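See structure below.
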């Protein structure tokens, strides 16, 4: 027998919730109307659409939802936003009758929300005229052609029940609020060039005192051979595609910042051997391993502060050997464009050595080279276009990444990276929200190409458990094929007795939590990204090689942040091998 009292109480609770929901909806509609009245939308008095904000709101709510399916979240809020827009200004959907087949009106209405009235006009020109002059969204059968824009943009793609394209939504956008459609067409790529980053804000870039000298250096670099061939870039992307499919694991590591003074064939060999040794340990757990070194280009670092003070004297911060010198003098700290040439020559020597070591050990896995694409003058000068495919690639390294401090959506570094064919890494920290991440993925990987994009989490042992799940959830629900890797170094810095260091225990803790979160979110953990060296250093604390704080000063050689020494790095590899094996067994048991 049903518990009638409990049923009555539950129904009363639902009635109360419905009343509260209605009150909130009416408050939202009133606030939206007030916003429209307060801000205006330009001299023509017509409403400007904000699709990017709407997409980011939905993505944020989908990531936040614990039990509501993402499709339901999108449907409910799209409907609510449609009514909100009508509260600001009555807006119509106009279909171009010559281009949109009969019978699709209902699917178009479902895409935008039932609050929109839908009607047809025959001529494309009439649909475009109404979109310019009235509160109208036009839906066309093809994208805008040259000369048709005149204040309009394609801001969305209307898709059918099976994902097929029905039409292209065209309207007036609020400034800076255009949204990527996800279509990978030559038309959308024609607005990129190797120097288009120069029109965007460029964070963390040095200001060179001699602009003429910088221009000469850029021209000199542009005349030199590229450092890596297009074929090797594509080979790495193919191997990373296997990582994206769960058939391989990425091991990426090397110096925090490469040094001109400490360069030697022996150091290159030690670092390479450590990377390969770690890969061998992890491969013992089952997957093949893709080896990518932080080398042959990692000569510059973003800094949290642009200046530093010693003994009452304030000077620019050291930003890496490709920018300025470590010595605390005004002359040393001034950016010098000539250092870019020395960086190029050392990168070329490093790549030559890596190739020679591989030839000497036939059958050994290839070690690819990567670095942060921070110095865009250098990157642009080494950008090349493949003669056969016409695709541009960064000739400076096989893979480049965008850092936590340079990943602004409208920034220069994202603009440069979106146009090159190389695999791209994207650092993701605790301040990133799901909407921002999805927007960046749309810009950097519009084709959803396996092996194109590596998301490198860097949260800290105390934040990864709370910050990572909503990001992973949003990417999985969006069916994006990006790889998830973990950088357990950058969020775990600390200072002991005045010495900057990292604790091995924190590094291992964040790595374990990364695997735990991935399992809980149904995501494959794809890689690890470490700052480490094959040299005998005492910079990170933990393990038998550096067990006490007093040992930190014994061999602290890093030019920037503390690195793992070989025993510490191998301890991390042992832990990762165990975690990879456990994840594989869990998937096998679930199959």
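Any Cβ shown, glycine's included, is placed from N, Cα and C.
Annotated in TrEMBL:
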| type | residues | note |
| --- | --- | --- |
| BINDING | 256, 490, 531, 561 | Mn(2+) binding site |
| BINDING | 294, 404, 405, 427, 458 | phosphoenolpyruvate binding site |
| DOMAIN | 1-92 | domain 'Chorismate mutase' |
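Features recorded in TrEMBL, as mapped to the structure shown.
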{"residue": "256", "record": "Mn(2+) binding site", "Cβ neighbours (10 Å)": "21"}
{"residue": "294", "record": "phosphoenolpyruvate binding site", "Cβ neighbours (10 Å)": "27"}
{"residue": "404", "record": "phosphoenolpyruvate binding site", "Cβ neighbours (10 Å)": "18"}
{"residue": "405", "record": "phosphoenolpyruvate binding site", "Cβ neighbours (10 Å)": "18"}
{"residue": "427", "record": "phosphoenolpyruvate binding site", "Cβ neighbours (10 Å)": "22"}
{"residue": "458", "record": "phosphoenolpyruvate binding site", "Cβ neighbours (10 Å)": "23"}
{"residue": "490", "record": "Mn(2+) binding site", "Cβ neighbours (10 Å)": "20"}
{"residue": "531", "record": "Mn(2+) binding site", "Cβ neighbours (10 Å)": "26"}
{"residue": "561", "record": "Mn(2+) binding site", "Cβ neighbours (10 Å)": "18"}
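The DSSP secondary structure for residue 458 (phosphoenolpyruvate binding site) is coil. Following the DSSP three-state reduction, the secondary structure of residue 294 (phosphoenolpyruvate binding site) is strand.
For the domain 'Chorismate mutase' (1-92), the model gives a mean pLDDT of 75.
Other residues of the same chain near the Mn(2+) site, with their Cβ within 8 Å of the Cβ centroid of 256, 490, 531, 561, are 489, 502, 558, 560, 562, 563. In sequence order, the binding-site residues near residue 294 (phosphoenolpyruvate binding site) (Cα within 10 Å of its Cα) are 531, drawn from 490, 531, 561.
For the pair formed by residue 405 (phosphoenolpyruvate binding site) and residue 490 (Mn(2+) binding site), distance between Cα atoms is given as 12 Å, rounded to the nearest Å. Residue 404 (phosphoenolpyruvate binding site) has 490 as its nearest neighbour among the binding-site residues 256, 490, 531, 561, going by CA to CA distance. The full span of the recorded phosphoenolpyruvate binding residues, 294, 404, 405, 427, 458, taken as their largest Cα to Cα distance, is 18 Å. Each residue contributes its Cα atom, and for residue 256 (Mn(2+) binding site) and residue 458 (phosphoenolpyruvate binding site) these two points are 14 Å apart.
In this structure, residue 427 (phosphoenolpyruvate binding site) is part of a beta strand by DSSP.
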